[in-house]
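> Residues annotated as signal peptide in Swiss-Prot, with similarity to another entry given as evidence: 1-22. Positions annotated as domain 'Ig-like C2-type' by Swiss-Prot: 23-106. Residues or ranges marked as disulfide bond by Swiss-Prot on the basis of sequence analysis: 50-90. Residues annotated as N-linked glycosylation site in Swiss-Prot: 223. Residues or ranges marked as domain 'Fibronectin type-III' in Swiss-Prot: 238-327.
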């Protein structure tokens, strides 16, 4: 490639269609074409422009076809289906000047496609993302499920309110080692850790946190959104250091525990309430609810005492159980 070609070897796209049509840049040289998806849909006209001072000798190719698609500084294509998406390249003198990738975002009957992630249907239908926080520090974890294993890419972004300057930082999505089984089918689980940039744990929340997961599978683009207050996704870790102490002249024992290390402090302000239950092989005793960190229970041989926690003043999720053996 000649030096003068390097200076201006970049690629631009112009969409020639009605005002409601959208084409936008997902990342450098990756563009999303939004399509209404129905039989005999006309598709969208996209004009690709290769920016170079030369007027002649430019050809166009696509990774979807081995043929030369056209010549000249521009190439007009009609994008109707996935066969029209993919990577387009403009060439001159045997050298590639630039490449750009077109991905499709489908809309059927006014609804964007949600084919990549599994609907977990809890706490309501169309719940593709689940998020939890162990405390009020502004740190939270989100996860999602998919049956797809290959040609898959995720990116995550988050913010609190549309104009909040602090923002929320999310790391890269990671694939969990273990599969998740739902309705006799196995799914891959992806998780991401997020942290609010500046937070006051004791402050009343007025703006929702929004998490957006962008998913690309082959040439398909989709996005998924979840909005929440931290207080609505709180799930404490289980109580720690469960211990049993026999009581003199009694068939009962005293079970005691401590707040989890991950819970917000001071505990006098960020208080937990607890649920205690004796679980035998064949039955479970009545649950006891209390604010203190000990209780008296009848502990039968071969039974377990288990304890879980949740926010005392706001109906958070219950933690997982912590347990200790009676034997």
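Glycine too: its Cβ is placed from the backbone N, Cα and C atoms.
How buried are these features, and what lies next to them?
Of all Cβ atoms in the protein chains displayed, 25 besides its own lie within 10 Å of the Cβ of residue 50 (disulfide bond).
Residue 223 (N-linked glycosylation site) counts 17 other C-beta atoms within 10 Å of its own C-beta, drawing on all protein chains shown.
Under DSSP, the residues of the domain 'Fibronectin type-III' (238-327) split into helix, strand and coil as follows: 0 helix, 43 strand, 47 coil.
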> Could you measure between residue 50 (disulfide bond) and residue 223 (N-linked glycosylation site) for me? Cα positions, answer in whole angstrom.
29
> How many other Cβ atoms are found within 10 Å of the Cβ atom of residue 90 (disulfide bond), counting all protein chains shown?
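There are 27 such Cβ atoms around residue 90 (disulfide bond).
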